[in-house]
Structures are given as C-alpha cells and as structure tokens.
C-alpha cells in the first residue's frame with residue numbers, strides 16, 4: 001500500500017503537486033500558526049537539501065561541460081551562432097539588471113534582517129574581494145558555498161582535463177549524471193518543501209509576503225517578454241535588415257507554445273528541428289545548432305538568475321554599484337549556460353550570483369526556495385523563451401531563404 005502511494009506520487013505531475021502544496025500551505029498558514037511552525041520543518045529540510053547539493057552540482061556541471069564539449073570541428077556558421085547565443089544571453093541578463101533598477105522588488109522573508117555590512121562599492125575593493133574568493137581552497141569553496149571559487153576551480157579543472165582520455169571523460173559524465181539524479185530526487189520533493197515554506201510565510205507575514213512573490217513573478221515574466229519582443233527583434237533586424245516579427249511569431253507559435261508546457265529545452269529539440277525543416281534551413285546546420293542552443297542559449301535563465309540575485313540584495317538592503325551590475329550580467333550569462341538539462345537549474349545557480357554581493361548563503365537559498373514557489377509559471381515562460389530563441393537565431397544565422405508560409 002505504502003509503496004503504491006510512493007509510486008503514484010513519483011509518477012504524478014510536479015506542477016499539479018506544487019500547486020496543491022501552495023494551496024494547502026496558504027490554508028494552513030491562515031488557519032493555524034502552530035501547525036505552520038511544524039510544517040515549516042519540511043521547508044527547512046527542503047532548503048537544506050538544496051544548500052547541500054548546489055555547490056557540488058555547479059562544480060561537476062561546469063567541469064564536465066568544459067572538458068567534454070568539442071567545437072573544434074564546427075564551421076563558420078556554428079561559430080557565429082555560438083557567439084550569437086552568448087551575446088543574446090548577455091543582453092537578456094543586462095535587461096534583467098536594468099529592470100530591477102527601474103522596478104526593484106523586496107521580498108518579505110521571515111528572520112531576515114537588513115544587512116549591517118554593505119557590499120564593497122569601490123573598484124579596488126570589489127576586485128580584491130573577487131580575487132580572494134577566486135583563489136580560495138577548492139575544498140573550502142565547496143564546503144562554505146563560495147561559488148566564485150567553485151566556478152574558478154571548475155573552469156580550471158575542465159580546461160586541464162580537456163585532452164584527457166575518453167574513458168576519463170566518461171567517468172565525469174557518469175558522476176554528472178549521478179549528481180543530476182540526486183537533484184531530480186530533491187526537486188521531486190519540492191511540493192512538501194513549498195507547502196511548509198508557504199504555510200510559514202503566510203503565518204508569519206500574512207498576505208504581504210505572498211504579494212511580494214507575485215510582484216517578483218510579474219517582473220520576471222515582463223522582462224522575459226521584453227527580451228522576446230524587443231531585444232530579440234532588434235537582433236533579428238540587425239542580422240537581416242527585415243521586419244523581425246513574422247519570424248518571431250512563427251517561433252512563438254510553433255516552438256514556445258510547446259516549450260511552455262514541456263518546461264524542457266531538451267524535450268523540445270524534436271519540435272524545433274521539425275520547425276527548422278519547415279522553414280527551409282539546412283539540416284546539417286540545424287542538426288548542430290538546435291541541440292547546441294538547448295545547452296548554451298539560456299536567455300530566460302539569465303533573466304531569472306539576475307533578477308532573483310538582485311531581489312535578494314534589495315531584500316537585505318545592499319546597494320549595487322554599476323560595476324557590480326555589469327559583473328552580475330557576465331556571471332548570469334555564463335551561469336545560465338550551465339543551467340541546461342537540470343530541473344530548476346537556473347534557480348540553483350542563484351547563490352553563485354549572490355556571492356558577488358556578499359549575500360549570506362542562507363538568505364540566497366531562501367530566495368531559491370521562493371523561486372520554486374513561483375516556478376510553476378516562471379519556469380514555463382523561461383523555457384519558452386530559451387527554446388523559441390534557438391530556432392530564431394538558427395534561422396537568421398543559416399542565410400537560407402526562409403519559408404514563412406507555415407500553418
């Protein structure tokens with residue numbers, strides 16, 4: 001009987017389960033503060049599990065990605081689209097930073113006080129702080145959650161192991177798969193954690209706490225829509241000198257729609273390849289560019305990382321300098337490229353960006369937990385942006401005469 005319940009839960013729709021957790025959490029938070037405090041233990045366990053796995057995930061994900069990917073045989077078109085993917089992701093993260101400055105959001109978090117120590121603001125202080133984090137002992141970086149140190153050692157290790165044997169690379173691929181399975185297991189428990197977090201949030205902060213979540217979600221979705229209809233439109237016009245919107249709407253209708261519901265760029269690869277074929281793009285090109293885009297073209301993830309990191313800074317009262325904002329755009333860009341194929345990957349990389357502002361690791365993980373609460377909508381919109389942009393950029397880089405008469 002018990003095993004059947006577990007199997008039924010494991011096979012259930014995670015979105016539906018999270019929605020049920022949110023509703024039950026609100027009801028418990030309103031009706032009983034005592035039960036909410038008990039339920040909060042589930043939230044604490046969930047965030048603790050995320051805190052434990054996140055450093056290892058970032059390290060092994062980036063190291064494996066660098067040491068196993070090979071673009072040396074790629075032609076000029078592939079090199080162009082790699083550049084376009086990275087530039088598009090950077091512009092998306094820069095838009096997210098600007099959106100936060102114009103429409104800052106502060107979260108209502110239980111037990112979070114205004115920061116007594118602001119982040120460094122002078123250029124010399126910023127680079128000194130970054131330098132010491134970068135050269136941190138790798139074991140200490142993993143244990144303390146120093147994500148800049150983790151990122152540095154992961155990149156260094158990936159480059160050093162670039163030319164190791166295929167057998168050695170396979171070991172890292174297998175370890176990476178093992179870590180991803182652990183992450184998927186933890187994320188599958190998200191409904192219980194979210195139930196506890198929502199119940200405690202409603203009991204402690206009332207409707208004000210939930211309202212801050214809604215404001216954050218609106219900012220995220222609005223920024224992603226701006227990237228879709230303004231930034232991507234400008235990129236297409238720059239490349240083609242033609243009206244970008246017919247192609248954008250084709251990509252939205254035939255790619256973003258499916259990606260919104262699958263919530264997986266990888267699962268949407270066959271849909272995107274079929275669309276590229278209908279558009280008249282060379283199979284030799286889109287056969288490489290579409291899977292590649294599902295790996296490194298992560299504009300939506302960059303928006304999520306940048307906005308949630310700056311929201312964490314706003315919440316604790318840290319003022320962000322222009323230099324820090326620029327550095328965040330760069331960090332969000334490359335962090336987003338490592339978020340593919342991981343359930344909640346963009347959320348788990350938020351502590352990496354938060355480390356730039358000396359934000360306490362516990363606070364960063366509370367923001368990550370809130371990300372899972374709003375992720376029911378945020379992750380769908382993020383994936384729709386990521387996946388549809390793969391086709392959009394492939395089309396303009398292909399130099400083929402495109403077929404716009406697609407039904």
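Cβ atoms here come from the backbone N, Cα and C positions, even for glycine.
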>> Labelled transmembrane segment by Swiss-Prot, one stretch among 107-129, 245-267. Can you tell me which?
In response: 245-267
> For the transmembrane segment (12-32), what are the same-chain contacts with Cβ under 8 Å, counting residues 6+ beyond its ends?
Replying inline: 39, 187-188, 190-192, 194-203, 210, 263, 372-373, 375-376
> For the transmembrane segment (81-101) and the transmembrane segment (179-199), does the number of C-beta pairs under 8 Å, pairs 6 or more apart in sequence, reach 3 or more?
Replying inline: no
>> Ranking 141-161, 179-199, 218-238, 245-267, 288-308 by the number of C-beta pairs under 8 Å to the transmembrane segment (42-62), which range is first?
In response: 179-199
> Which sequence positions outside the transmembrane segment (218-238), separated from its termini by at least 6 residues, show Cβ-Cβ distances below 8 Å to it?
Replying inline: 84, 87-88, 91-92, 95-96, 99-100, 103, 105, 244-245, 247-248, 252, 299-300, 303-304, 307-308, 374, 377-378, 381-382, 385, 388-389, 392-393, 396
> Sequence-remote contacts (6 or more beyond its ends) of the transmembrane segment (245-267), Cβ cut-off under 8 Å?
Replying inline: 15, 228-229, 232-233, 236, 275, 278-279, 293-294, 340-341, 379-381, 383-392, 395-396, 402, 404, 406
> So which residues does the transmembrane segment (179-199) touch in its own chain, when a touch means Cβ under 8 Å and the partner is 6 or more beyond its ends?
Replying inline: 10, 14, 17-18, 20-22, 24-26, 28-29, 35-36, 39-47, 49-50, 53, 56-57, 60-61, 210, 341-344, 348, 369-370, 372-373
